[in-house]
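**Student:** Below are the structure tokens for one structure; questions will follow.
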Amino acid sequence: MKLINCISIALLCTLVDFSSAEITVISNLAVVGSPESHVGTPNKTLYANIQNLWCGAQNLGEHIDVEYGEFTRLSDGKVFKGTVNQGKVYLEIGKASVKVAGRYRCEVRTLDKEIHSGNLIIYMPPVLDFPAAVRVSEVLNARPPHVIGAERRGLHGERMVLECPVLANPEPMVRWEKNGEPLGNSDSIEYDGNNLILNSLTEDHIGKYRCIGDNSFPLFVDGPAIPHQIYFDQDIKVL
């Protein structure tokens with residue numbers, strides 16, 4: 001039986017293994033990615049600066065050297081061999097795609113050949129990761145981050161899809177507004193995941209649409225969950 005004991009949400013977590021109760025795994029538990037911008041496409045990888053993850057072991061508060069360690073990304077099972085330095089194991093990240101954000105499991109092997117594990121997470125505030133090339137612009141120094149898309153034009157009776165490809169960790173919530181007001185349900189609109197579909201375009205669809213993506217996570221030791229948002233605006237015209 002195992003129990004995770006998190007001493008602080010941002011700096012230290014221990015995982016107690018009752019089969020060898022003296023051994024605990026320590027780690028930096030959680031790090032926050034800092035995106036270099038807020039828009040990515042297949043031709044423009046969106047990078048973030050991310051601190052290295054690390055894990056170690058201790059016995060009744062005293063450091064125990066580890067001889068090997070690896071990190072598994074839980075979203076896809078991909079395994080990364082860690083670098084051992086001064087008895088701890090590190091996953092060197094630095095500048096990386098925002099898509100590396102998520103939950104990880106660290107497994108360390110101590111000198112007595114025993115394996116111990118703990119969980120870590122890379123947080124990421126909301127960004128936009130488009131599936132194809134787009135014409136958008138970021139509002140300089142906007143808080144929350146604010147992205148403006150190209151004007152969209154459609155013919156009467158056509159169907160139009162407004163994308164909101166928000167990427168974040170934890171998983172973001174997405175909501176839509178039109179002309180600054182929350183967009184409710186009606187026969188003329190529907191939702192496909194985070195995307196908004198305008199059915200049978202009429203003059204009633206004309207306006208400024210905004211998708212808002214938000215998530216929250218703590219930024220410092222024992223701190224509260226801080227909300228993070230991104231705005232994406234699109235002007236719609238009907239011809």
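All residue numbers here begin at 1 and follow the chain in the order shown.
The backbone N, Cα and C atoms fix where each Cβ goes, and this holds for glycine too.
Not my notes, these are from Swiss-Prot:
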SIGNAL    1-21  signal peptide
CARBOHYD  Asn43  N-linked glycosylation site
DOMAIN    145-211  domain 'Ig-like C2-type'
DISULFID  Cys164-Cys211  disulfide bond
**Student:** Please work out the helix, strand and coil residue numbers for the domain 'Ig-like C2-type' (145-211) from the DSSP assignment.
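**Tutor:** Result for the domain 'Ig-like C2-type' (145-211), in helix, strand, coil order: 3 helix, 35 strand, 29 coil.
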**Student:** Quick one: pull the CA-CA distance for Cys164 (disulfide bond) versus the residue listed as 'N-linked glycosylation site', whole Å only.
**Tutor:** 18
**Student:** Quick check on the disulfide-bonded residues: of Cys164, Cys211, whose CB has the lowest count of neighbouring CB atoms inside 10 Å?
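**Tutor:** Minimum Cβ neighbour count within 10 Å, taken over the disulfide-bonded residues Cys164, Cys211, occurs at Cys164.
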**Student:** Sequence gap of 6 or more, Cβ distance under 8 Å: name the residues on the same chain that satisfy this around Asn43 (N-linked glycosylation site), in order along the sequence.
**Tutor:** Ala133
**Student:** In the three-state scheme derived from DSSP, which category covers Asn43 (N-linked glycosylation site)?
**Tutor:** coil
